[in-house]
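As structure tokens, the structure follows; a few thoughts come after it.
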Amino acid sequence: MFIKIQITSGNVVPRMVRGQAEDSSLQDRGQWASKAEFLLAVAGQIIGLGNVWRFPYLCYKNGGGVFLVPYMLFLVVCGVPLFLLETALGQFTSLGGVGAWMKICPLFAGLGFASQMMILHSCVYYIVILAWAFFYLCSSFQTRLPWSHCNNTWNTDSCRGFDRHNMSDLSENATSPVIEFWEREVLDLSASVDRLGSVNWRLALCLLLVWTVCYFCVWKGVKSTGKVVYVTATFPYLMLLVLLVRGVSLPGAVDGIVYYLKPNHTRLMDPQVWMDAGTQIFFSYGICLGSLTALGSYNKFNNDCYKDCFRLCLLNSSTSFIAGFAIFSVLGFMAQEQGVDIADVVQSGPGLAFIAYPRAVSMMPLPQLWAVCFFLMILMLGLDTQFVSLEALIMSVSDLYPTLIRRCHGREILLLLVCLVCFLIGLLMVTPGGLYVFQIYDHFSCSGASLLLLSVCQSVAIGWIYSADRFSNNIKAMIGYQPLCIFRLCWRYLTPAMCIGTFGFSLMFWSPLTLANGVTAPVWATVMGWTLTLSSVSLLPLWAIYSLMNTPGTLQQVKKNPLYHVKIHDIMI
């Protein structure tokens, strides 16, 4: 059985059964029914659109295979150590993102609040991608795929199917039906970021339906989440394999794969490449968002989170790498078909997955069937990331106010309010200018400076304030052995040094954000973006100041207080 004990000045005092509410009138916090649920939930959280949409897009944006060099470096130095840190932290304290930091290092509890703010931002814009995918899914049931021809009402006179044409025979203004479907039918994209326009009611309806599905996946907590991931975390792999086999069998696929693997070493001097590599690691691994801590908190105390860390990290990066083959094989095919360089096949931006992949499925036999399967895969990849993030957010708030939320229907009401507020804000992104707003959110709120700063603070809090040796001993208490000494070295030196260097280097070469169609972000958009960044990272110093002002005694006295550090953990007898 599982017994919670309190450790204070060396004394061990039994407290309560793990996962059971202290007050009988409160709902239980919950626990994973099996190890498989934990692995699938974490896999569903970290393996999502960042693997099949964001990673190939960043490779394309940053010169192809050269992106793999900083990516692997950040994975070894930052990704795996921070992944273990957050997962073990949640498992050791049995608390969500905010509560865990309050127990382990109260002065740095602002890390928990900052991560929850970033989850809130990501919930607003990440789900918009699923609304686009749902729109494509509905369009896939037509007799002829609407993005495969130029006979639609939204097509212009410049539309060309490119099936039997070489680009040299076409005018410079010629466009493809798949691009026109994306820009003119789905987005109704405006020419300027200053022209938001009215809400697209069809996209708004798609957004509402996706939010409804997310709500019912999370509303019963870990009990419902642990069951849904059996489908949402496994089905996408089947479809990815099918699309990969089809992609590499297309003519020109080899050229695309060579472009994907052959690095352009001159791009390594561009700080944006390193910035994108670091933020891709943090984004695709869910680092600094508090979700790993929340998922780990549902584990049994003696679960081997150390081995789980390596398994999940290997699975995540392998999926990203394989997905890149599926993307670039299709890009090579399209480049050969059109007689252009691979870099000119698709414009940069979040439309990559909605241009390259739809083009691929339109070339397959029974294209409607493959289109439906593909966009179902996109929806499932994004859904589990979205609802697991929601679960982490709701549980973190529940840990702070258990008597208010874990009673009657408090959790369901809180979840409904969060979903409703995020949906209303997300309506800005389903307007003609919504793609620009989406790109601002994506660039500033959960990427770049904010993730790098949080990772530095996490490493300092564990490596220096709490002590990396102490944390390693905590892990040993759970799994029976200590992690490799390289982890302590990373927590203390390598991870913060790598992140600080990347952050400072990017500031030196900072330039205004370039949006879709080459639109430069105006001053107000840049101010809005940095406001999003500060809304999360500013909670770190604000909480530290608040904590120092409201804690009796001097800083040294507080640090020596045995109650200052973690008091409770769980063991298996």
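Just so you know, glycine gets a Cβ as well, placed from its N, Cα and C.
Each of Cys138, Cys150 is a candidate, yet TrEMBL gives the disulfide link of Cys159 to Cys150.
Beyond the ends of the transmembrane segment (369-393), by six or more residues, the same chain brings 41, 44-53, 96-97, 116, 119-120, 122-123, 126-127, 129-130, 133-134, 136-137, 140-141, 145, 210, 213-214, 217-218, 221-222, 225, 228-229, 231-233, 235-236, 239-240, 242-243, 246, 286, 289-291, 293-295, 353, 357-358, 361-362, 415, 418-419 to within a C-beta distance below 8 angstroms of the stretch. Of the two recorded stretches, the transmembrane segment (65-85) lies close to the transmembrane segment (449-468), with three or more CB pairs under 8 Å once pairs fewer than 6 apart in sequence are set aside. Under 8 Å from some Cβ of the transmembrane segment (91-111) lie the Cβ atoms of residues 4, 18-19, 29, 289-291, 293-294, 296-297, 299, 301, 303, 305, 392, 395-400, 454, 457-458, 460-462, 465-466, 474-475, 477-478, 539-544, 547-548, 551, 564-570, all in the same chain and six or more residues away from its ends. Below 8 A, the CB atoms of the transmembrane segment (413-437) and the transmembrane segment (489-511) form no more than two pairs separated by six or more positions in the chain, fewer than 3 in all.
Distances between the Cα of Asp384 (Na(+) 1 binding site) and those of the recorded positions Gly44, Cys150, Cys159 are shortest for Gly44.
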